[in-house]
């Protein structure tokens, strides 16, 4: 009787935690080539703003938004591929800022992936030949996190080096968001 | 019992005789390592004797013949006194032994890391999961960087400035000297002096993450002439490509992402995230002791670093077969 | 002292049968789940604690075998580096925090009240709370591991590797919060044991008559109280660094990486003695029984334990000899680390002297004691070796150290523990363990252990660092590694046989009487297993070996009430009876409080607000726990 109750409780605990922690911490250092190819199949709207992610991405449980390891990898790729040269630590420069919560092409993963992969007008180069699909998704997830409106549980940790902006796990965009004098475009604000 | 002891002693001797090799604390080839090995043998022999004594006392305590004692509380007062005296003596002996150990280790410590006046100074930075080696010089133009392979002159002390770049690593070449941690925010010093020419393997000794197991390096001890020649080669810029394949490799290296992380002096490639590749072809291994430097290994490494060393910081770069062949030819040619 | 409470029936007013029935009713644990959750009986909680800790031992052992499987050959790809790092971290964490410390405290929770002749441990509800916290902390860690969220930064979680930049995700947070769970549990038990030993001893059991196991647990408890806060502070600082952006350990912002190591080892080294001292107590107890004489050098042994406890706080730096601290400071810590050999030597010499002048009876517990001495001396001597700074620079963080601490922890603590389980099994269960199976498992474990761990010393000299998930084929390590992995199977076989012996003896062991070993201490004065009230009359003690001194009939105290849970509070030094104290009733609130605390602690991994909102249910459950009943607590 007691044993059964204990084991039921234990099973319930496992289930609760499994639901919360599912694949949050899995670390895959190398994606299977078929999955990587499938991830490449982003269905974009004709204006290349927003669209549908490939089915496999949803089936995997959106690992590039929810898995801290992938986000941390994205953060490293951000440094290695020289994103900071134009975008700074997210505050922008030659390129647009991510920290202010304004997204020229919308905040969806699909748009960000497309921006990185295919490039955008006014200077954003395509990284299609320089990065693997997996890396593009990791980087996109990190970029989305920089401009997050609400704090995320899965976020890369703050860097040990001195920083000029709030850490990624603290919803920097919500802290720094400035809607400006004009009303929001549906795709550009914290509350569409 | 004695046969067991003899077998144990034999096994010990055989086991310890196997302690030779290029990464062994008991096969010293450096001044410090030799001093340490001397101390270690002395301490181990003494401790072994102590253990044998304890066991030799315990055995008769268990198995000696004795008269029955019906009352557990009946104690033999004179024997209690004798035992007290023996124990006092044994405690005294313990104090003597540990005092001798403390003094010996203090004296040994003071004798370590003796330097001359003008020894070469090398800055070694532990990074996840490779070693950045920088030969310092009074003239900054003559300083240069390399990775995962440290050349030292035989018979001369070399001063190592050890720094941690990201997490804590530990610099350890057992055949030459004891280990020293590389800690972010601090600089530690270690002096090594190789007594014989040779190759000595070292390995990171502080757990530093997913690829801690594959973070090795080589110390190459060579005579003054060879050392000076090596220094000159390393100071020079990278050799220009020879042949169309290497030419194409260089072009691909610069146009693809390689140059963002790696430096090849004499070319626009000046990244500092990964190891300096100016003379990568002259090093004996790639991937921090993972593979021998051959063209095949180089191609395999570039093609799929995450399978060869899962979790390391070299990202997979999408390359077609031609580019892969050219780049590996170019890199192996950088001698 | 009010009249209406004094009016209850006293134990000298009824006959023996009536007495036992009334006491059993007063001290009973209700049947069913509710009763199980609400019980505050130190024997039930101690039993649970012991069983849970052994379950964690088995889990940790499985992890060890997985590691040996991976290391059996060079460049094996059976387990990947990420999983391997989780496995060795889990192994170390489980063995240290979920097995070694809890099991020692658990044995004490069961035995100390019996050995000093009282009816329950002090603060019994805190005791129940402690067990639930320990269980939930262990579950947190293991559920996380099952979900691939297990910590992967080593059991001492050095920063910056465990810090925010290099450990993305929640793995390191789970480790750090698990520390809080187990340390709260350990501190609770430590406080209970100190108070129990100081204030609840049977009349006449002055400090110089206290059994050595009780002395050992007293010293251990003080070590826990002084050492554990250091690691709780450290792990909390780590969590703050990781979650709310403090910079305690970040050199770029003025923090210090080595601060972590100082704090951790200020706890981490005494931890070794927290595990070892109880074993000293067990060995001293068993030696006396099986040599059939009082242990030689009682005072010397007590002093040696106290000295070990004090010295334990002066040698944490010997874990940091290669971090580049000043040479003179290091030499000081060499001296203090060597000095601990003196009390350890005194203990060994006294046990040998006891055996020499006694009449040894070779039952399984004594075999374990002998194996302990032979093995532990090796571990102690390698400890003297690594205490020397120059020696340590060559063996630090290698398999030599792995061999050393397994000799100390398995040889020095697990062997006595297995002996203790065999020795006290009849008291716990009323049945004897099988001598035949016991001897078999003894030889398998002792031989298997030495064959497994001795070659690791040599691997260390050959330059094999610890915590590597594989090694390259050109290194001369694979022969010995394969040998070690094969011998580990023998060691496991021994443990399995031990478990079989326990289960079989539980069902069909020979029934034991009250005192099957003819032992001298008080726990053998009551029935096996003891009734809920432990002793029908509180015994009165006139010497250090009460059951040998008065083998026929122990003098007893009387005058305790039967209608409420009463025990005797006595003076600290002389154990003069001072008052009749009421011991708390069963309560389910400690269980609820543990759940509320767990929710708060686990939630705080995900958001700092969990501390604020989680504090409310904790407060509510504590109110329930301490709700006054309007009865006086003690009567003089």
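Glycine is no exception: its Cβ is also placed from the backbone N, Cα and C atoms.
As annotated in TrEMBL, transmembrane segment covers the listed stretch C:128-147 rather than the other ranges in C:128-147, C:148-167, C:248-267.
Record note: among C:24-48, C:174-198, C:174-198 is the stretch given as transmembrane segment by TrEMBL.
Here TrEMBL gives transmembrane segment for one range in the set C:437-459, C:506-528: that range is C:437-459.
Taking TrEMBL as the reference, the stretch among C:73-94, C:95-116 described by the feature transmembrane segment is residues C:95-116. TrEMBL lists transmembrane segment for one of the ranges C:399-425, C:534-560, namely C:399-425. Per TrEMBL, the listed range annotated as transmembrane segment is C:272-291 (candidates: C:272-291, C:572-591).
Nonlocal intrachain contacts for the transmembrane segment (C:95-116), taken as residues 6+ away from its ends with a CB within less than 8 angstroms of a stretch CB, comprise 42-43, 45-47, 49-50, 52-54, 56-57, 60, 127, 134, 137-138, 141, 155, 178-179, 182, 185-186, 189-190, 192-193, 196-197, 200-202, 205, 210-211, 213-214, 217, 220, 224, 271, 274-275, 278-279, 282, 409, 413, 417, 420, 424, 427-428, 521-523, 526, 530, 534. Within the same chain, residues 39-40, 45, 48-49, 52, 56, 59, 86, 90, 93-94, 97-98, 102, 170-171, 174-175, 177-178, 180-182, 184-186, 188-189, 192, 587, 590-591, 593-595, 597-598, 602 sit at least 6 positions outside the transmembrane segment (C:128-147) and bring their C-beta atoms closer than 8 Å to a C-beta of that stretch.
A Cβ distance under 8 Å defines the sequence-distant neighbours of the transmembrane segment (C:331-354), meaning residues of its chain 6+ beyond its ends; these are 280, 283-284, 287-288, 291, 293, 295-297, 300-301, 303-305, 307-308, 311-312, 314-318, 321, 369, 373, 376-377, 380, 383-384, 387-389. Listed as Cβ neighbours of the transmembrane segment (C:272-291) (distance under 8 Å, sequence separation of 6 or more from its ends, same chain) are residues 96, 100-101, 104-105, 107-108, 211-217, 219-220, 223-224, 227, 301, 305, 308-309, 312, 347, 351, 354-355, 357-363, 365-366, 368-369, 372, 405, 408-409, 412-413, 415-417, 419-420, 423, 517-521, 545.
Same-chain neighbours of the transmembrane segment (C:479-500): 58, 61, 64-65, 68-69, 71-73, 418, 437-438, 440-449, 451-453, 455-456, 458-459, 462, 471, counting only residues six or more beyond its ends whose CB sits under 8 Å from a CB of the stretch. Most Cβ pairs under 8 Å to the transmembrane segment (C:437-459), among the stretches C:49-67, C:174-198, C:366-387, belong to C:366-387. This prediction places the mean pLDDT of the domain 'Cytochrome oxidase subunit I profile' (C:28-542) at 95. Outside the transmembrane segment (C:49-67), and at least 6 residues removed from its termini, the chain residues within Cβ reach (under 8 Å) are 79, 84, 87-88, 90-91, 94-95, 98-99, 102-103, 105-107, 109-110, 131, 134-135, 138, 142, 488-489, 492, 495, 499.
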